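Noted in Swiss-Prot for the protein shown:
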type	residues	note
ACT_SITE	116	active site, cysteine persulfide intermediate
BINDING	253, 254, 255, 256, 257, 258	Mo-bis(molybdopterin guanine dinucleotide) binding site
């Protein structure tokens with residue numbers, strides 16, 4: 001399904017004449033990102049509705065299922081079907097009977113904001129999840145980060161068209177981009193990438209995201225065993241606390257030649 005549409009809109013522009021600046025109302029063609037409700041249905045029962053870009057939904061279903069603790073590994077899912085319905089899209093996921101029984105014990109309704117997995121959590125203690133502390137299995141040369149930032153920028157094809165999407169990319173330890181996903185929701189873009197990561201055998205490397213580092217972005221990264229998260233924007237205090245607790249390398253405000261290292265500096269060298 002196409003992730004953008006063309007639409008004629010009105011816009012204004014100030015033009016300079018001999019006396020003053022005058023705002024002129026004109027028409028032009030704009031490109032809009034498609035945002036669509038996507039229902040995740042496990043063994044016939046609707047579990048969550050998220051607002052997403054309507055692409056790479058199999059990877060989204062896999063990544064969401066792992067980061068939400070519904071499954072432990074891709075093999076816990078027997079099949080995924082993407083079905084267009086009148087008001088959106090259903091992603092029909094067939095779970096193993098053991099995982100489906102566990103899901104029914106911890107059901108919640110997430111219908112809410114764009115790509116926000118914590119919205120709709122019924123109990124506060126469900127928000128603060130604990131995972132095993134990440135091992136330190138590599139060191140990354142910070143001199144490679146500049147080229148990674150360039151690759152992230154030039155490969156945001158949907159974002160370049162619409163200006164309305166987030167991107168999450170995965171890089172190996174040599175600075176090669178292995179995958180990139182875009183979505184109107186930053187958490188959804190990350191879930192799509194983490195779905196790819198799981199089915200690709202969990203390669204070593206790091207995530208580079210065009211958004212800020214929220215608590216949930218850190219939580220999803222840790223849940224999938226990725227040791228390093230780099231974001232273009234800032235980190236929140238809770239994200240830093242979560243990163244420190246679980247030994248995640250977290251970098252924010254990543255720019256050419258600089259960035260803020262919030263935690264996990266032991267994985268970095270120059």
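Keep in mind that glycine also has a Cβ here, set from the backbone N, Cα and C atoms.
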Other same-chain residues whose Cβ falls within 8 Å of the Cβ centroid of 253, 254, 255, 256, 257, 258, the recorded Mo-bis(molybdopterin guanine dinucleotide) site, in sequence order: 145, 146, 149, 259
Packing count at residue 256 (Mo-bis(molybdopterin guanine dinucleotide) binding site) (other Cβ atoms within 10 Å of its Cβ): 10
Listed in sequence order, residues with CB under 8 A of residue 255 (Mo-bis(molybdopterin guanine dinucleotide) binding site) and six or more positions away: 149, 232
Residue 258 (Mo-bis(molybdopterin guanine dinucleotide) binding site) CB neighbourhood, other CB atoms within 10 A: 10
Nonlocal neighbours by CB distance (under 8 Å) for residue 253 (Mo-bis(molybdopterin guanine dinucleotide) binding site), same chain, sequence gap 6 or more: 231, 232, 233, 234, 259, 260
Sequence-distant neighbours of residue 257 (Mo-bis(molybdopterin guanine dinucleotide) binding site) in its chain (C-beta under 8 A, six or more apart): 146
Protein Cβ atoms within 10 Å of residue 254 (Mo-bis(molybdopterin guanine dinucleotide) binding site), excluding its own: 22
Residue 258 (Mo-bis(molybdopterin guanine dinucleotide) binding site) - helix vs strand vs coil (DSSP): strand
